[in-house]
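Taken straight from TrEMBL:
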TRANSMEM  A:75-98  transmembrane segment
TRANSMEM  A:110-129  transmembrane segment
TRANSMEM  A:150-174  transmembrane segment
TRANSMEM  A:180-204  transmembrane segment
TRANSMEM  A:241-261  transmembrane segment
TRANSMEM  A:281-302  transmembrane segment
TRANSMEM  A:323-343  transmembrane segment
């Protein structure tokens, strides 16, 4: 397998830039949708309908002074946001954007997603610890405990998908969902419990509401990034939005057929010339983006629908409810696959 | 294959470059006018009392310990999940055999989870 | 594969440098971070040897779980940096050299008396490495041939869980 380093670099560069662009789109979208849900206009002054707002935000981040507490640790204070951005971007390399269009095509793809996200904990705990502020440290600790508690259920939900697909490669998992009528081959229908568990844990892992305890304004001011300002805060912000976007991609890839177009086999049967053409790739990319847009919207929707958990409720949900359900689901799916596969 | 992993190293390098550029740009363009008040940790307007690096509840430590145990359990289940199709194709005996082994493994560790919950090890208040 | 060799040596250098960093850092948090870097570069080394599953597991378990616990402990116990080291006398250096000599002798005796050869029986090809390192092969062996070992591991993990709860729940009255 001969891939030129140059084309890989160009592709990787494109992915990073696409993530930067989508993060700014998401910032704008979140503020506008939040405004809509709260019956207020939201940002509408910078450019037509306020679409230049994210760029104004970036400019402001760059122009602001970088303040750090006197007793903080300079190197670790700077390392934390860098770590967050690098990890968020590298997870994006695993997403299959269309058939055959994936930057990092490896046999342990879905495991790599989990491994990289598990390293995110460092960014948050180090950011919280290095600031030497009580709010930051508490936010960092809470966040780390929360992320590791939900990582287990997430891992088990992923295992139930791997049992069905028989592979850990992300394109392999997408292709496995191509069978079945129209959309019924999607794992959301074959493994509904796993799907719900994964979506809930994805919310917890990205620290999004109702799991936003690490940065609960009313209790911890800004949580782990209370003492961050200027571009370093901007980088935490960027990483958060990229994580949210990538989480939507992973949800769609694992449970909603990834880049598959509904009725794809029928479409290919009707127009055989489409197979392997550039148009099909574009259609698949469009279908993926539509699905991802829905889940990105779901993240905002949930934020303004559910109140934040209390800390003990969060831990109870993670350890006493999600983990046993995820374990039971894995066993049920395994028995189901065993019966289904030995009969057919 | 190692060749498959090269894009990972490439994207990490590019993302690192981006992050460092952002940091450098901000420190180059942004103003630098530190003073003593600015550099105190924020405590809702009060003067900070003592250092933040105090000792915290042992519960966080316990959660991390239990997490490691179950993380290792989940890791052991990946090879099973990937090879499960082959076991099924090998016939009923192999399938029932592997299910028993995994069932026992998960059962033993579920005992640990039940013990934790009964002992109140995961009780936060 | 020139690129793999270059990556291997780069990662090996990082691994050694960070391992030395773990030892000489005076602040426990820098020591822990060096260890994280070390574990990540070892994961990279596994990848260069085509053992992708082990490499990723190394990140997931060691960097993602065990080191988080270590970091928790450092943060929770508020460990301070150690004072600067005193100058080391001749005694420890002599002891170190003699210790290395003894270790080499022991290894030599073990290798020769048990008939362990350092040369592989047959040259390992890339295809073999990929095949043997895959999660599928591991699963085929782990749940059949090593099923008993797996259960022993489970009981060990159970003991760890019980021990953790017992330690944390203890009342020092």
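Placed from the backbone N, Cα and C atoms, the Cβ positions cover glycine too.
The transmembrane segment (A:241-261) makes no contact with the transmembrane segment (A:323-343): fewer than 3 of their CB pairs lie within 8 A, with pairs spaced 6 or more apart in sequence. When each of the listed stretches A:75-98, A:180-204, A:281-302 is scored by C-beta pairs under 8 angstroms to the transmembrane segment (A:323-343), A:180-204 comes out highest. Within its own chain, the transmembrane segment (A:281-302) is flanked in space by residues 26, 29-30, 33-34, 37, 97-101, 203, 206, 208-210, 244-245, 247-249, 251-252, 256-262, which lie at least six positions past its ends and keep a Cβ under 8 Å from the stretch.
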